[in-house]
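> Okay, handing you the structure first.
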């Protein structure tokens, strides 16, 4: 034969089953179906159960017939089949490209079966299907027991109880029932172990020594759809409290509850059910109904002992030793648009009809059954609607009757449906629940065929009820007669389209859960979605953090001091934590507090009984480590006030007090010195009280002394514990205070490397990016093309490159063929300026973004390969072939939240240097508030076009004062969606919303209520920010026009107090984050994650708006607005710098102001009057009644005079200004050319890293 040497995938001796077809190369042979066969397949009978490890195929000998791809199905009996899927869920096998080459496919997990079925998918387009196959595998010994739902096996111990430290339990089972106990044991101490099939999943309850009567037992759950009548393997390993539970190829690792380390079980273990004590044959829970195979408990073959009737085994009920479970034959409705099954009425009884069937699906919508009725023109529809069953009787005209039944029938489980039309009523029953009934005026009869799952295009009055049913059906009875689906497949009964017979091809797309960071997975038949609510992450699989990685990043994006959530490892596993960002100094400090903020007084402590304080920080140990390592510098102040309390023993120098670092290591230096030097700061500064000692406290005087130091060795911070041991003498006392951890700088932002040889590159370890990866970096270059990074595998690869001067390309292959995503810029990218690139790939989609250009998306195939298998090193700045290398600078390279140290690797690589030359390179922020640094030949300029601020460095507030009738309306150039449309392959799933807005504004007013900002769309959606009657801020979101708006009040405080207030609003999907002034971000949940569709305009001040909003803020706005930004639109700046633009409409008087530039004065002293003019008089302190009256008179006269002057100035200005124009002061000195602002309609990124420059 062509291949006489079968290979093995197991340790046992393997055979090549003689039933396989593999013909000699010297003769003709092979399988080829008839051209008229509708859905051909080749079935192989191995004659006995075998463990199959691989299959191989050839085309038909000496022909143009071969199969290029196929599905592999397997079955125990040849009736019910299951599709084989690889590890990542792919079911397609690669076949042949000619008729003679042998193509072998090894199975990632062997299957034990007797029958195999090869189903061709693609074949030679110039020929026909042709196959020769060989199956590789091994025989194995099988011990089988059959349980009928009322039986069990009891394994009884030799002694009263069995206590084990280690357990190994393994078995295989198959069942068509979703419920049943497989294993149970318990002891008087409270220990128990229960393995139970529940809702098609496997639950393991395991307890060691916890309270016996625990009110809440929580199982560990593994697996899904285990009631599919096919074999599933279970393996439990326990050592002490550590447990591994494996079902098929999925493993769950966990620790047991309770205090014990051994499992103590009394008398016996039961298999197949839980018998009541003293009542054999009765059970507390539902028994297992199905077959078990090769059941081993700690090396004991339980089924073999039972079969040989050994005394250790006691049988309850009827346990047989051959698997005789009935095989229920199902069919699968593949398409949601064109699948249907048409069956004729079977011997209708007198007066009515009845239908019964079972179904399972994930889809919340779908048509299950349709039938025409007599008398005409009545019709009956049974459909799934919002996961309920709805039965509708359509009569003449528009009359219809409806009833609903069932709950959550789209849960993937089998549900039984019974429909009876008799005795002037139609009765619907689901899963033996109470029936629902439609009353009739006259008896009805079925007319024509029954259509299951959908309708053919030719069926009368059946179209327009999409979507069709996607799922499985079995046991279809019409008028009490079982329909033979094999006859349907053979064309002997009814008709069908887009059906798979003999198999229920349902798949759990949430197993394993590909949603990250604890997000909840939900699914339909052909896709899954992730609910990211409450996780702090966003994206199709909740991969991307919605928070910045550091305080430095918040500062560079225009934020001010306050409490923020930061995610130090981005999309990594750590999660966000709250910190305080102090941005008042030149350096941006990240402050993390702990549980002991007040000074602590210590007395009566000694080395034998020391005082110990443990510090718990607002972040976990892993988060602290990430924050410290990612910062340029960290420090923590230690204050130690003492009286007769030493830090060191003056005789031998041993420490009497010490602290523990973040790893729990003992440290006895107290600031100012490197680790290991047992001294205090006064010794370094040479100002100790007694220079004979290295610490002030070691002088051991009766007066108070102080040793204060700053710990600044990063690897030891923060302080996790302090131990004080010398306050037990007469008069001894100590008072200490450990300050918060303070860090500044972000090492990753400006970590850069310069590539000046095309053949040079940096290499790093292989990317760990099997299921999801995100890559982000900045680059600048003058070269027309070059590869930024590349990582390859045997066939898979991932690459990001500059493919032409204006195009960035992201390409990869995970086994489905190369996927390419490109972003084309309207300006060259090789302009020696910094440009931002972010590429992401996950199980649902891939995306790439360049600067502020629209995101490009590519949907992943529903049943394609998921895992990116890489093996080579990661090359940065070049490729393994040393061709198409990158020339220029790359900085801030981050992959999956891990920052790459380009500078350190560049120091030892020829052709690459650390850092990057240029003015716009370095950690100093040359441009502020989202301003962009632009390199020039003799310096730099700040491009403030994407900032709400102005000035040469984008740090000057843009402020305007408003009157009651004043308003600024920014009209978008065209119907505009905040989020860009996807590519042609994009999904429209609403559960994966990309809706997001960023809103920021400052205001000063004494008026309430007031209208601050509104955003409206052509589709009647809107956002509104108003001050309510009590002066509190209200945020209105009206995303669903058929429902009431969401209204949030972040703080009840009156903000109409004449002080400057700052509001920041950020939305991602349903999550809304609001910050008022320096308060922490508050999170709210919207009722919808819908996008703003076709944004029409943004208005500041008075707006004739939604009536409900107008009632809350009918008086417009009187005061000052400053630094207003909506995504990338700064309407106030556009109004000031593009006078006469058609995009901006100005109503009423408007005066440029400086309220935003004087926040402290405004907050402390000033109140706003009409037209936004500030009162410059500050009242003196009150001394006496007479002086108070004098001051009052003076103030009154001054105010009156000032009011007259203001009125005259205002009239003069109004006369000089045409309608809608604005008076400006020093406009040309304050602003550069901002006319590009008119074109900034791109959506905001998840994290606007471009503003780091």
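Cβ atoms are placed via backbone N, Cα and C, with glycine included.
Where the annotation comes from TrEMBL, it is an automatic prediction and has not been curated.
Keep in mind the model is a prediction, meaning the values are calculated, not measured.
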> Can you say which of 1148-1168, 1169-1189, 1190-1210 is given as transmembrane segment in TrEMBL?
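That would be 1190-1210, per the transmembrane segment entry in TrEMBL.
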> Taking the Cβ of residue 916 (disulfide bond) as the reference point, list residues of the same chain whose Cβ is under 8 angstroms away and which are at least six residues distant in sequence.
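Long-range Cβ contacts: 752, 753, 754, 780, 889, 891.
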> Return the average pLDDT for the domain 'Fibrinogen C-terminal' (542-594) as a whole number.
89
> Counting only residues 6 or more past its boundaries, what in the same chain has a CB within less than 8 Å of a CB in the domain 'EGF-like' (506-543)?
85, 89, 223-225, 228, 250, 332, 336, 360-364, 412, 470-472, 565, 567, 571, 573, 575-576, 771-772, 774, 840, 842-845, 862-863, 866, 987, 989, 991-992, 996, 1068-1071, 1085, 1246
> Determine how many residues of the domain 'EGF-like' (506-543) DSSP places in helix, in strand and in coil.
0 helix, 10 strand, 28 coil
> For residue 889 (disulfide bond), just count the other CB atoms lying within 10 A of its CB, please.
24
> What does DSSP give as the helix, strand and coil breakdown of the domain 'EGF-like' (917-955)?
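Across the domain 'EGF-like' (917-955), the residues distribute as 0 helix, 11 strand, 28 coil.
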